[in-house]
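Student: The structure is given below, and queries will be raised subsequently.
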Amino acid sequence: MRAQPTASHYVNGRYIDDEQGAPLPVIYPATGETIAMLRSATPNVLELAIEAARAAQPAWARLKPVERGRILRRAADILRARNADLARIETLDTGKAIQETLVADAPSAADCLEYFGGAVAAYNGEAVDLGGPFAYTRREALGVCVGIGAWNYPIQIAGWKSAPALAMGNAMVFKPSENTPLSALALAEIYSEAGLPDGLFNVVQGYGDVGAGLVGHDVVAKVSVTGSVPTGRKVLSLAGSKMKHATMELGGKSPLIVFDDADIENAIGGAMLGNFYSTGQICSNGTRVFVQSGIHDRFVERLVERTKKIRIGNPLDPETQMGPLVSKAQHEKVVGYIGIGKQDGAVLACGGNVPSLQGFDGGFFVEPTVFTGVTDTMRIAREEIFGPVMSVLKFDGEDEVIDRANDTEFGLAAGVFTRDLPRAHRVIAELQAGTCWINAYNLTPVEIPFGGFKQSGIGRENSLAALALYSQLKSIYVETGDVASPY
């Protein structure tokens, strides 16, 4: 199986390569085989990309917002038209089941381009009456922005970062994760086909040194990163040393709280979505599932029953519900945490094994796993695993569960399942998390902001909040009379 792109990088409207770059193999997670070989960006490639962005950005910013938006909406239409091909690329790159990538990856990127392509035309400054004189504000582009993606939703993240940046008149240099480099190249081609001028969206591949080279470059005005907390800290430190704007969408260990009066099937469905979708590799996952004591045993019994029915296998098979983890390293990490959970005394209710699948012996598969009897101090309840490992914790009262839910360095997301809506709103108001759901989980429409509190990030993706973060505000005072001066 092969998925070799035309070249490794997309700069100034064309594919380029540099044979001096370090090899960057693309591994199909279902089999462990190499399906493409790319090259990491050299300093020369980085300079070409940043210079292309710098040169193209001013003319782009001078266009009317509606003109910029028209190109983004055209790109959204192309994304939707090619969804089947893009879903296959994403499945080969990430290992996620094709039934997921068909509905959750390129479609989300398309929604994002469409939303910002329309919203930017009405995103204006304001006028202020000062009783004779007046003032007004302008939202202006920052310049060259850098996007650094993660491997769980490659094309979605590329869309989430590039759409608001481009809509506001910026240029972007985007570095995908070295694990999943393919779909960002496809997005770059689509932008060009939609009429985006050359140099405004460039893709460069590479490891951490390439990201550091982009973040530290003097021309770059803003950095947006999706990744782990340790990665975010490094990037923020480097960006802050040069006073660059920064958006950090980082990790989590989010609480999902199920009260006694919840619809138990809906709550279980939310918990499964919040732990097993994308093989558990979602930053906002509700991996600490707090279940009130009155329904705890019944919840666990039904949860285990439903979890055992999840179909694991060939991710290109439309009937498969869960594919492999993204890489050997991630597989070793997740399996290691399952072992830690057992050692720490958690009860393995189901899963926890590496399945034997005919034809996929080299794949990075693991069964969806449920631990019960988990305490707040166990490592599986405190550290981000980023795999299909759910911890179920029992609680008695509302105040208790709020305190326990907030006892974490993270604050990306939280969820509450209950039929008592006043209680739902009351609890959500007390939870220290940036993105919350009531009687749902992990739904992230582009119209609402997405991001976290505490160590889970800075800034927001999506919604009008993202346009604000890809722009800078200029204030203009206009005098209509004489200048009052004592000199």
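Even glycines carry a Cβ here, placed using N, Cα and C.
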Student: Looking at the NAD(+) binding annotation from Swiss-Prot, with G149, A150, W151, K175, P176, S177, E178, S228, V229, P230, T231, C283, E384 already listed, which candidate in G131, G208, G251 is the matching residue?
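Tutor: The candidate from G131, G208, G251 that Swiss-Prot ties to NAD(+) along with G149, A150, W151, K175, P176, S177, E178, S228, V229, P230, T231, C283, E384 is G251.
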Student: Report the member of G149, G457 (the binding-site residues) whose C-beta atom has the most other C-beta atoms within 10 angstroms.
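Tutor: Its Cβ has the most other Cβ atoms within 10 Å: G457.
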Student: Considering only the recorded positions P176, E178, T231, E461, which residue has the minimal Cα-Cα separation from K161 (active site, charge relay system)?
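Tutor: Ranked by Cα distance from K161 (active site, charge relay system), first place goes to E461.
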Student: Express the distance between the Cα positions of V229 (NAD(+) binding site) and D93 (K(+) 1 binding site) as a whole number of Å.
Tutor: 23
Student: Spatially speaking, which of the recorded positions I27, E178, T231, E249, C283 is closest to E461 (active site, charge relay system)? Use C-alpha to C-alpha, please.
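Tutor: So, spelling it out, the nearest of the recorded positions is E249.
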Student: Tell me, by DSSP, whether K161 (active site, charge relay system) is helix, strand or coil?
Tutor: helix
Student: Rank aside, I only need the closest one: which of the recorded positions G149, E178, C283, G457 has its C-alpha nearest to that of I27 (K(+) 1 binding site)?
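Tutor: Sorting the recorded positions by distance from I27 (K(+) 1 binding site), the top entry is E178.
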Student: Going by Cα-Cα distance, pick out whichever of the recorded positions D93, C283, K454, G457 is nearest to E178 (NAD(+) binding site).
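Tutor: That would be D93, the closest of D93, C283, K454, G457 to E178 (NAD(+) binding site).
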